[in-house]
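Since the structure comes first, as structure tokens, the remarks are kept for the end.
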Amino acid sequence: MHLSDNPAAQPVADWIRRAPKAVLHDHLDGGLRPATIVELARACGYEGLPTEDPAALAVWFRDAADSGSLERYLETFAHTCAVMQTREALERIAAECAEDLAADGVVYAEVRYAPEQHLERGLTLDEVVDAVNAGFREGERRTGGKITVRALLTGMRHTDRSLEIAELTVAHRDRGVAGFDIAGGEIGNPPARHLPAFQHLKRSNCHFTIHAGEAVGAESIHEAVQICGAERVGHGVRITDDITVHEDGTADLGHLASYLRDNRIALEVCPTSNLQTGAAKDYASHPIDLLRRLGFGVTLNTDNRLVSGTTMSEEFQHMVDAFGYGPEVFEQFTTAAVEAAFLPLPERRRIIDELVRPGYAAL
Ligand SMILES: O=c1[nH]cnc2c1ncn2[C@H]1C[C@H](O)[C@@H](CO)O1
Ligand SMILES: [Zn+2]
């Protein structure tokens, strides 16, 4: 099913909006406000936008990304990255990102982006990271501390800068950066190509996740977790390749699937994005429910709020519609996300004890 067959701008139940949420997988360059893109494009002289009408631009992104292919999904980012090349633009976009997530009830967010994609107008890698961090701090301040945001620095799988970005991550950790990731086209770019980056992170005791099991199957997840040492998996839905479901509903797990489940390797699941890239057919048959029932460390995420035309609340609502979930399931997903956050343990505990549990109890 294509998203365009689906009603846009999903109405969301009031309790879903109020529920405390945590997002581990949200791309900064996939979540800009459409009106901000239009303004920044005018200011920096970028003439490539498909339209200058913000509402039409939002629809354009979602439709263009709804292609059935990860490669075509990724092409849309040329327009967002084009307007993310100055300190002011990055700071503004990061501050608005924190505000938008907080307005949607997100209390903890890890937001990722690839610093190497923001160097076209002369910024250095360090300046990019400083600008985004300043924006996140400003956004947290504007929301009165309702949200905590940490950055993940992404290395692009088709380029050769991952070691440099891993070093950048280590240099900026404890100053707003919580970890590292690799993203981009999965086919032809296996994670082990970036082994030196992962080895540097391991030696430096630094957190990382890897996009895997989105466009390629379980072998990509195996490489990400067992060869590269990822603590979490971005998407990971194709772990179903290693699970056999029988007619009576029981399931057998292969060794990799068992390893992920038994070690609570968190899966950063992004249902709407999966429908667009062809990693899943529709919400009702999305593997998230099977994985949850089997005891995997499932977390629910947006991936790209603009490009996928979604929010955390809308992802929750899609799951309610498809599987009839109530608040207890979302409390599970949210708790699993905070437990898998790249934060010191006492901070994770504080978010669960002071924000998540009381928030769900009050619904
Ligand atoms: O879901 C994804 N899979 C692989 N790469 C992705 C996904 N969403 C965004 N990206 C890419 C495009 C962005 O420019 C980059 C850094 O955020 O990460
Ligand atoms: Zn992603």
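Count begins at 1; order follows the chain as displayed.
The backbone N, Cα and C atoms fix where each Cβ goes, and this holds for glycine too.
Zn(2+) binds His25, His27, Asp303 as TrEMBL records it, and from the list His118, His211, His222, His246 the residue named for this site is His211.
For ligand 2, none of the recorded positions lies close by, meaning a CB under 6 A from one of its atoms; the full candidate list was Asp29, Gly184, Glu214, His235. Its Cβ placed at the centre, Glu214 (active site, proton donor) has 28 other Cβ atoms within 10 Å. Each residue in Leu28, Gly30, Leu74, Phe77, Arg112, Tyr113, Ala114, Gln117, Thr154, Ala183, Asn304 lies on the same chain as His27, Asp29, Gly184 and has a C-beta within 8 Å of the C-beta centroid of that substrate site, without being one of the site residues. Counted within 10 Å of its Cβ, the other Cβ atoms near His25 (Zn(2+) binding site) come to 30, all protein chains included.
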